[in-house]
Amino acid sequence: LVLELNQVIIPTYGTVPDQQNLHTPEWADLGDKPDSLFFSDGQRRIDFVLVYEDESKKTTHKRIDRKKQKRKRQVYESNLINNGLQLEATRSVLDEKLIFVKVHAPWEVLCTYAEVMHIKLPLQPSDLKTRDSAFNWFSRFFRVDENIIKPEQDFFTAPFQKEHLSNFYIQDKDTFFNPATRSRIVHFILSRVEYATKNNVKKFGINKLLDTGIYKAAFPLHDSSFRHPSADPDCPSERYLLYREWAHPKNIFKLQPLDFIRKYYGEKIGIYFAWLGFYTNMLIVAAIVGVGCFLYGCLTKDNCTWSQEVCDPNIGGNIIMCPQCDKVCTYWNLTITCESSKKLCIFDSFGTLVFAVFMGIWVTLFLEFWKRRQAELEYEWDTVEYLEQEEQVRPEYEAQCTHVVMNEITQQEEYVPYTACGKCIRMTFCTSAVFFWILLIIASVIGIIVYRLSVFLVFSSTLSQHISGTEAIRKYLTPQTATSVTASLISFIIIMVLNVIYEKVAILITDFELPRTQTDYENSLTTKMFLFQFVNYYSSCFYIAFFKGKFVGHPGNPVYWLGKYRNEECDPGGCLLELTTQLAIIVGGKAIWNNIQEVLLPWVKNLIGRYCAAARSEKVVPRWEQDYHLQPIGKLGLFYEYLEMVIQFGFVTLFVASFPLAPLLALINNMLEIRLDAWKLTTQFRRMVPQKAQDIGAWQPIMQGIAILAVVTNAMIIAFTSDMIPRLVYYWSFSVPPYGNHSSYTMKGYINSTLSVFNVSDFKNASKPFSPWFGKQTTCRQVYRDLRYPPGHPHQYEHNIYYWHVIAAKLAFIIVMEHVIYFVKFIISYLIPDVSQKTKSKIKREKYLTQKLLHENDLKVVKKAMGKIADKIIKGVDNTLRPKAE
């Protein structure tokens, strides 16, 4: 690759040419076709647009700086012309300071760089027959009308080679390279052309020119307005068709035209929407089962014996609970938690266990079937061997290649940007920086915990005083609820603030790491960002699920956090409802925030821009200027779209045992997300540079890791966060003799037997409540199910036999559930191959026919050449022998 690039690009490097040797773009006025995608001659297609501000009219920089910027720009444009590109400049209609440089790649340039980039192009129409799926009759009701968006013709393809030009399927040179491929080739050139040399270091690439403000924008053109077709009859108006048949809200239940999306935006955008659509379709099954489990909980909540006991004035009404904090908290009645116990019965039911097991299997099916679907797209979109053949070295990596090493495979010298020691130092630094930021998040989580502990004291002492007259509010606004909601909101704000900061840090770290290819760069950045986001989003949920209320001691001997704050306790029913609240706030808040950030802000910016432009001029605005006033897509491209969905995938799988409606909410969100992302791309943003992508990159192993972790987290939520295991142990062991008094298995008496008794006279002075004790009772009950011996027992306040039965049952449940689900996952993974036999056969068939075609054509050329030579030899022999014969 380096040799190929040297042959094509390096000759234009070297010393900057003199002013008089610089090539300049052609100048042209706006013609009478503002929707045209061609130069003023109507023949040469616009493949890219560069925008800069006329240096002579700038007022924000010093004169010497303006001259330097102008010089760099002129050298850059001259080198573009030296590379064979054709440029045409036009002044803006709305702002005289702006100048648009339109870039066209001629046929020779396209052929040269297509060979350098190993781009696959059509050889001949495919003769492989496609079988209609059994579900085709059903899916046709949801597909886009083929009369509107016609299916793409299938071709056998091969990496382009100029010497085999005659072998390729060229009906029209103007359409052989489609607009997406043309833009990709031009961007490849723009990213590698030099504009200055300083201290023997070459400065090159459009990205650096954009960062320094020499150019204001660089983008390929949309082919039409999204509101109406192009006035040019030769323009296919693909953007308009995409908006009408894909991005418009009316298409929310339609299947996506993935081949058309890929054709217009490239494989990278196409694979994202293919994955998102597949994930959304798979969520339908999970949502149906989740709703079924939720309805089961709703129907059986009235038969929830332990909740009835909590709400019963003769049972729960006679149970006085111990204060939940030192001194300022008061004694309280168990019936206060009546409403929350009823809600808890919906989520903490047998249906939740069934759903958790189902989701462990569902996530495996989703990942395995996606691999098969991805393999099909790799074949259909010609990316099977993309990473090995087509992917280019990043220009930033090339610029740093100063060290010579010996290639182990070719045994030839090659240039790399750093030595083995230098690479080790870079990796150490980057890893340390990532761990530092993760520790910073953990510190913020600890801060939130300290907030919860300190504010709970305030709410406990003030809420009861201020809302004592409003019984309806008091039932719901308990100190625990107020603390949980406010802490969740603060946690959400901290998450969003840290996200903004860490994004910039992660990019700096990855730039310093200097990955070789764009795929390596994106995978490295993805891993760093997801590690951060994982801790950022999920840490508070892990705290509530597995740590809150688990290490609190007992009223006579409480455990303190940092030696000062008494550890939080869960409600008598456990922390499951609080975990559900936390999930709802984070997921809901994140969805609202993302939509504001991704959709509303670009729409408002574009609206303001259009209003200002309309106020300045009533002139007809050309296509390139309309596109300039759209929003840029951003350096990270689709990263945040993937991140948003994978974080949601984590919430749907990791904590689904606490909230079976999560898949339904995710399904509704994703149906809207597909159309919002499509609307955003087609209407609010400039057209992205089409890029190749073989798969979804690092997100695949990340989801596989989440799937493995989800089995553990859901098993632990059911075992340690929910109250299911203690209830089952009571029902089967402690409700009947020898431990219980009932003659048959029952849940009656569960509340009374699981809330440990504490003698109020055993309070220490540091934690003894200020409020006086009421009634004749001398004991109170512990809030959490700590299962201890009562006062007066030889082992008072120590864990009783029930506690050890429950611990053993919890551990046994976790081991059994994990092993069963992991075994089923292994069987499913083994039975479902990553690539279907049908796709394997197609790939082999295409390789065979491609090789045969190229080989036969080469043989024909050789035979033809040899035939001419043989004829000349025979003719020469005849001429030599004829005189002798005479």
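Every residue, even glycine, has its Cβ placed from backbone N, Cα and C.
Keep in mind that this is a model prediction, so the values were computed, not measured.
Residues or ranges marked as domain 'Anoctamin dimerisation' by TrEMBL: 38-258.
Look at TrEMBL and you will find 261-846 tagged as domain 'Anoctamin transmembrane'.
Among the features that TrEMBL reports, transmembrane segment is placed at 272-297 (among others).
The transmembrane segment annotation in TrEMBL covers 350-370 (among others). Residues 275, 278-279, 282, 285-286, 289-290, 292-294, 296-297, 300, 652-653, 656-658, 660, 663, 700, 703-704, 706-707, 710-711, 714-715, 717-718, 722, 724, 817, 820-821, 824-825, 828-829, 832, 834 of the same chain lie 6 or more positions beyond the ends of the transmembrane segment (350-370) yet place their CB under 8 Å from a CB of it.
Marked as transmembrane segment by TrEMBL: 433-453 (among others).
The transmembrane segment annotation in TrEMBL covers 485-509 (among others). Long-range contacts of the transmembrane segment (485-509) within the same chain: residues 430, 433-434, 437, 440-441, 444-445, 448, 451-452, 455, 525, 528-529, 532-533, 536-537, 540, 581-582, 585-586, 589-590, 593, 635-636, each at least 6 residues beyond the stretch ends and with a Cβ under 8 Å from a Cβ of the stretch.
Per TrEMBL, transmembrane segment is recorded for 530-547 (among others). For the transmembrane segment (530-547), the residues of the chain that approach it from at least six positions outside its boundaries are 434, 437-438, 441-442, 445, 448-449, 487-488, 491, 495, 498-499, 502, 506, 575, 578-579, 582-583, 586, 590, 643, 646-647, 650-651, 654-655, 658, 698, 702, 713, 716-717, 720-721, judged by C-beta separation under 8 angstroms.
Within the same chain, residues 276, 279-280, 283-284, 286-287, 289-291, 293-294, 297, 347, 351-353, 355-356, 359, 363, 530, 533-534, 537-538, 541, 545, 576, 579-580, 583-584, 586-587, 590, 699, 702-703, 706-707, 709-710, 713-714, 717-718, 721-722 sit at least 6 positions outside the transmembrane segment (645-668) and bring their C-beta atoms closer than 8 Å to a C-beta of that stretch. What TrEMBL records for 645-668 (among others) is transmembrane segment.
Residues annotated as transmembrane segment in TrEMBL: 696-720 (among others). When Cβ-Cβ distances below 8 Å are used as the criterion, the transmembrane segment (696-720) is approached by residues 271-272, 275, 352-353, 356, 359-360, 363-364, 367, 371, 374, 519, 522-523, 526-527, 530, 545-546, 550, 576, 579, 642, 646, 649-650, 653-658, 810-811, 813-814, 817-818, 821-822, 825 of the same chain, each at least six residues removed from its ends.
With a cut-off of 8 Å between Cβ atoms, the residues of this chain six or more beyond the transmembrane segment (801-832) that come close are 356-357, 360-361, 364-365, 368-369, 372, 707, 711-712, 715-716, 718-720, 725-726, 728-730, 733-734, 739, 753-754, 786-788. The transmembrane segment annotation in TrEMBL covers 801-832 (among others).
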